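Trainee: From Swiss-Prot, here are the annotated features:
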- 4-24: transmembrane segment (TRANSMEM)
- 78-98: transmembrane segment (TRANSMEM)
- 113-133: transmembrane segment (TRANSMEM)
- 151-171: transmembrane segment (TRANSMEM)
- 184-204: transmembrane segment (TRANSMEM)
- 244-264: transmembrane segment (TRANSMEM)
- 273-293: transmembrane segment (TRANSMEM)
- 316-336: transmembrane segment (TRANSMEM)
Amino acid sequence: MLHTIGILIWIIIKILVIVVPLLLSVAYLTYAERKVIGYIQVRIGPNRVGLKGLLQPFADLLKLITKEIIVPTRSNKYLFVIAPLFALVPSLVGWAVIPFQEGVVLANINAGVLYLFAMSSLGVYGVLIAGWASNSKYAMFGALRSTAQTVSYEIAMGFALVGVLLAAGSMNLTDIVNSQKGGMLHWWFIPLLPLFLVFWIAGIAETNRAPFDLAEGESEIVAGFHVEYSGIGFALFFLSEYASMILISTFMAILFMGGWLSPFEGITFLDQIFFVVPGFVWLLLKISFFLFVYLWVRATFPRYRYDQLMRLGWKVLIPVTIVWLVVTSLMVVAHVKPWF
């Protein structure tokens, strides 16, 4: 009995070690977004609360927590309240299979890629439930847009994943990282460049980020699926969006950029200098790079029209992935490096 309780406590501690830093990362990602976009637009960004505005995320959280939760009169109250949790939970439980470095993973399962792909796709159910339960036409339009967008881009994302599985020969995330050993030139983003770009574009669309933020297009459908949410409900949707961004960036770093591996492997003098850097630091740097690109894209590109969004998904991304999957399959069968 005591042994079982001890195991349970240890599992809870490991979960908290992942979730607490993740929630803090989400808080400061919002701060980084406002700062980065501010500098791109030749503004300063938040600079009043704390040193250089570093306490701004906590001020925003306090504001949202103290706001009144308003439930629309004819809405489905139970689904309305629970929908933000449906959106948030998948972006948190996906971290169970993320390897931070060799052996440092909560659950080292053989179907890690499949599990993570499923978790990254489940968030759309929260969006759909929120749109329907709100009893608002704007919320419903936003939810339908988001659902159609996710279904469209999941296909391209799934095909891009298959390319990595063919090249690495495993669905275990640790094995996929180990298959990229040998330095930056051995990372999968080089031989699978078209699939890498498609996966990245589909990842932006999956998380409803600009320029694919049709689900919450302010100029067309007010705030989209969360137009009726205020206070903590809105905060949970906000949290789920940024947590999903971090999860997709981590997925990208593991699949295509060598995960925790150093980019200087194979370059003797640089490898000796950076040998002391822990693997998880390299992973965090790669995640930070992808998150910066997220913010850069948001500040640079205008929002797509809905028909353009669908056309890009079905007529461009899916054909590209199918063609490159055929190429990858032929290279693997022919034992051509670095595909094999």
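Heads up, the Cβ atoms here are built off N, Cα and C, so glycines get one too.
A quick note: this is a predicted structure, and the numbers were derived from the prediction, not measured.
Each of these features: where is it, how hidden is it, and who are its neighbours?
Mentor: Beyond its flanks by at least six residues, the transmembrane segment (78-98) meets 18-19, 22, 71-72, 105-109, 112, 115-116, 119-123, 125-127, 129-130, 132-134, 173, 228-229, 232-233, 236-237, 239-240, 243-244, 247, 250, 254 of its own chain at Cβ-Cβ distances under 8 Å.
With a cut-off of 8 Å between Cβ atoms, the residues of this chain six or more beyond the transmembrane segment (113-133) that come close are 75-77, 79-80, 82-88, 90-91, 93-94, 96-98, 139-144, 146-147, 150, 154, 157-158, 161, 164-165, 171-173, 176, 206, 208, 215, 224-226, 229, 237, 240, 244, 247-248, 251, 255.
Counting residues 6+ beyond its ends, the transmembrane segment (151-171) has Cβ neighbours under 8 Å at 110-114, 117, 121, 179-180, 188, 191-192, 195-196, 198-199, 201-203, 205-206, 212, 255-256, 309-310, 313-314, 317-318, 320-322, 324-325, 328-329, 332, 338-340 in the same chain.
Tertiary proximity for the transmembrane segment (244-264) is limited to same-chain residues at least six positions away from its ends with a CB under 8 Å from its CB atoms, namely 22, 25-26, 29, 91, 94-95, 98-102, 113, 116, 119-120, 123, 161, 164, 173, 176-177, 180-181, 183-184, 186-189, 192, 196, 199-200, 203, 206-207, 209, 270-271, 273-275, 277, 279-280, 282-283, 286-287, 290-291, 294.
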Trainee: What stretch of 4-24, 273-293, 316-336 shows the most Cβ pairs under 8 Å to the transmembrane segment (184-204)?
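Mentor: Going through each listed stretch, the top one turns out to be 316-336.
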Trainee: State the non-local partners of the transmembrane segment (316-336) in its own chain: residues 6+ outside its ends, Cβ under 8 Å from one of its Cβ atoms.
Mentor: 153, 155-156, 159-160, 162-163, 166-167, 191-192, 194-195, 198, 201-202
